[in-house]
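Asker: Take this structure, written in structure tokens, and hold onto it; I'll ask about it next.
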């Protein structure tokens, strides 16, 4: 974009976004710290779900840590110089942490859904379990419920996302020296250079792959549950299917409501950047920023969703303040691997 003064933030950007981020930060930080404390005390450390949950809470806390910087940027970034320290910190460190944590969250949510689906498939019957282990897809699916595999997977996810994002940000830093913009709030910060756009396209493809995987898990689990209901009586053992079906559905809903709008709009945003119409560009940038805020809000709303949907979390939270009995504690530990509402 040749016109360096094209972007002019409106009140929606300079007032609404700082207020939203300022409200999300304390709520998300407190809720996720509380969730981390509860699960560290209640959850068995060798359980696969605990490994995924620990990484998910970490990603949520990192997203929350960027919110004060984002609030300051949208409130005063149009008055900062492009070469200022605060602009550099917000542009590079804030962007890096935000997007790394966002995509780690997305991939881990997908892994949790696959882990739960694999666990129920394995316990659905001896004949089916043998058939599941007899093919490559089945063996790969079962790996998601193994603690060792979960640890390695989470490490690989963090490393890949950090490396891809860091390369794009490093390139932007190198290009920054030759840039001449009067303010921090400009099209280069908002759109990024070519490597950032390529990384964004890869991240978008990663999201849609995860989105379709969770959708497939829910559809397959629904079909499997329908077969069981037709062929057998649904006893207490089969109630777990309804619980996990609900939790996978909530994961799908979170991906749809919080992340899908942003990833649908991102390719449109890149395509329309070639247009030098300043009013349209301002609208595009503001839509992008509000959709990014919606995606970030997921990390702050996680504890609320957990409190509403996850029986284990509610019982554990209640037990921490009422000195629950040993029997209550044991029941919580035994049930935690089936209650995946926490990862929404």
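Sequential numbering from 1, following the chain as shown.
Glycine is treated like the rest: Cβ placed from N, Cα and C.
Quick paste from TrEMBL:
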- 31-306: domain 'G-protein coupled receptors family 1 profile' (DOMAIN)
- 19-39: transmembrane segment (TRANSMEM)
- 51-76: transmembrane segment (TRANSMEM)
- 96-114: transmembrane segment (TRANSMEM)
- 149-174: transmembrane segment (TRANSMEM)
- 194-219: transmembrane segment (TRANSMEM)
- 247-265: transmembrane segment (TRANSMEM)
Asker: Which sequence positions outside the transmembrane segment (51-76), separated from its termini by at least 6 residues, show Cβ-Cβ distances below 8 Å to it?
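Answerer: Residues 9, 13-15, 17-18, 21-22, 24-25, 28-29, 32-33, 35-36, 39-40, 43, 86-87, 89-90, 93-94, 97-98, 100-102, 104-105, 108-109, 111-112, 115, 147, 150-151, 154, 157-158, 184-185, 289, 296, 299-300, 302, 342-343 contact the transmembrane segment (51-76) from elsewhere in the chain.
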Asker: Averaged over the domain 'G-protein coupled receptors family 1 profile' (31-306), what pLDDT does the predicted model reach?
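Answerer: Result for the domain 'G-protein coupled receptors family 1 profile' (31-306): average pLDDT 80.
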